[in-house]
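Summarising the annotation, TrEMBL assigns domain 'ABC transporter' to 22-271. Here TrEMBL flags 378-399, 411-432, 453-478, 490-514, 523-540, 610-630 as transmembrane segment.
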Amino acid sequence: MVTPLMAGPSTDLERGPAGLTLSWVNLNYVVGEARKKKAQKLVLDGVSGSVEPRQVMAIMGPSGSGKTSLLNVLACRVPQMKNAKLFGRLLVNGHDLREHDMAQLSAYVEQHEALFALSTVRETFMFTAKLRLPDKSSPAEREARVQSTIAELNLVRCADTLVGSAKVRGLSGGERRRVTIGIELINNPPIIFMDEPTSGLDSFQAQAVMDTLRRLANSGRTVLASIHQPRSSIYNSLDQVCLLAGGRTVYIGNAGAALAAHFAGASQPIPTAFNPADFIIDAVSVDYKDPASTEECVRRVEALLAAWRVRPASVLTATAAGRGGTQYGAVDGESKAWLARIMEERHPRGEAWAKSATAFRLLSSRCFQELTRDKSAVALKMAANVFFALIFGLVYFRMDRSQTSLQNRTGILFFTAMNMAFGISIDTASVIPSQLAVVGRERAARMYSIAPYYLANWICRLPLDVVPMLGISAVQYFMAGLRPGVEPFFVYFGIAVIEVQASIALGMLISALLPSVEAAPQLAPLVVILMLMFSGYFLNLQDVPAWIGWIKYVSFIRYAFEALMVNEFKDASFDCTTSGGKPLPPGFPCLDGNMYLKQLNFEAPILESIRNLAILALAFNIAAYIVLVLRRPRFLPLRPEKEMPGLTGDYTQQTSNLQTSLLPSRPAEKFASVN
């Protein structure tokens, strides 16, 4: 027997009125035209409507009609763009809603799954439960909520299976889609938004996902989904349809008889035994194969738009304010107080620091789990480290104290500095782009801030980077016969640890700047190579032109290499012989360690180099954090209708008998085409 998702800790949400009615009034979404400096494009044009609890509404229309834009506007998730503005009203049970309130009342399920491949279904849900359920929830209550979600979404058989990805074997496409839905259901949202929930799935999996939405609506939720062209069985699961063309409303209302009657009244009767979804999408699409077809399609679409505009009563009925409210007006005291209790429960005051600490602990655990569960990657990394340690140790095995060893010691110290920088920086550079979709979803849901995420990603990498460094450094140091003594070794190791920190920090900075995982192996090596060039090994830094010489000050490899060199050669003496104990040829100087360092312009005190290395590590971390803060999700605010100015360019202000709005004189290309 399936446990209802409402099971678990009793909340005000469960004890309150039976669901929420979402209404929207005269939504207008304006963006600047990319090709014209002053022109504006009306993506949504005076769209109004509502959807009630226990209903599934599909937002439909051809490509480019504004389906996803409307869904994002209703979910208050329209990304900020230059010259973009959003006007209108959103109401819940007749109560005007603020943007940040919607995040607490709703769940937004994205079209593409953003999940960690090496976590199981249960672990994925539990992570969300610990961050999204109130702190007062007990472990048993969280476990009950997770278990009920697994049961409700029919994921019991795969609850302990890895989520998987294209490279990691795991769940099927339909199961991953249901996991994505389940993540958003953990905190029991009364309103659910879904972007193309059946996209990319076969017919069986698509129907399974649609059946899930139907069950969610039957449990009292309000469900809105953008759907491109559903098959008949999926369409029959719908209660309401919002049909758009060119950002304007063609129809909104009952998906059954009312829709058929409206299209019949507009001289577009739906044929018997014909999928209504196919018919209405075709009816509002434009065929551009020849001018005559285009003109005919445009006339048909304009006629359908006009048929809807002359039906104000239908719109007003469809956009009723909802339970306990008046038309777009005030809400009753009971419902308003209930909404206030929901807001407080879903985002209680005074929990910010506690949530940050919890988020850091959970994010660190998840990060370390993702790193260590990839057994092949861990084994390959360890094998590479051991390989380089042995190779360096054997090639430079038991170096003597001759003048020839000066060059050999310089070589192994440079390769040490390079090896610690190259692999770690490039490996870390792909971290944030690979997680960007998941973290973006979790940040948009206000699960945690940037600080615990960044700190967790930095901390969790230390065991796999620093701990192996101790063993590798010991093997390499003593095999090569570097400077004997306990103090020189631990200074050597300390420099290595700090350089690893700087390498991780640089990788995180590059990672924060990159738009995709594919860009990491392209950009990261270029940055590291640039720093290698200015490390002091390949060229004399005193001779570098001033216009590019500044790079030496941000080359952390330079400071690490210089510190290693000073640690090895400062006050050290060497024999005046060549390799094999032969005397130096006449005229060749016999250098001690200090003379050799002076010759290389490595005269900075070791503590100064270590300090500069640590400062760069800190600076890279701060810069990476700032970049991530600047890249956080930002959404357009919904402005009141009274602030909506007249549009310039191709648009004129017109008045309909429904409401005063901006209606564009749109050419045919404003409509989507039929492929």
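Backbone N, Cα and C define each Cβ position, glycine as well.
Put simply, of 411-432, 453-478, 523-540, the stretch with the most CB pairs closer than 8 A to the transmembrane segment (378-399) is 453-478. Listed as Cβ neighbours of the transmembrane segment (490-514) (distance under 8 Å, sequence separation of 6 or more from its ends, same chain) are residues 416-417, 420-421, 424-433, 454, 457-458, 461-462, 465-466, 469-470, 473-474, 477, 482-483, 520, 523-524, 527-528, 556-557, 560, 563-564, 567-568, 606, 610, 613-614, 616-621, 623-624, 627-628, 631. Packing against the transmembrane segment (610-630) from elsewhere in the chain are residues 432, 450-451, 453-454, 458, 494-495, 498-499, 501-502, 505-506, 508-509, 511-513, 554, 556, 559-560, 563: each is 6 or more residues past its ends and has a CB under 8 Å from a CB in it.
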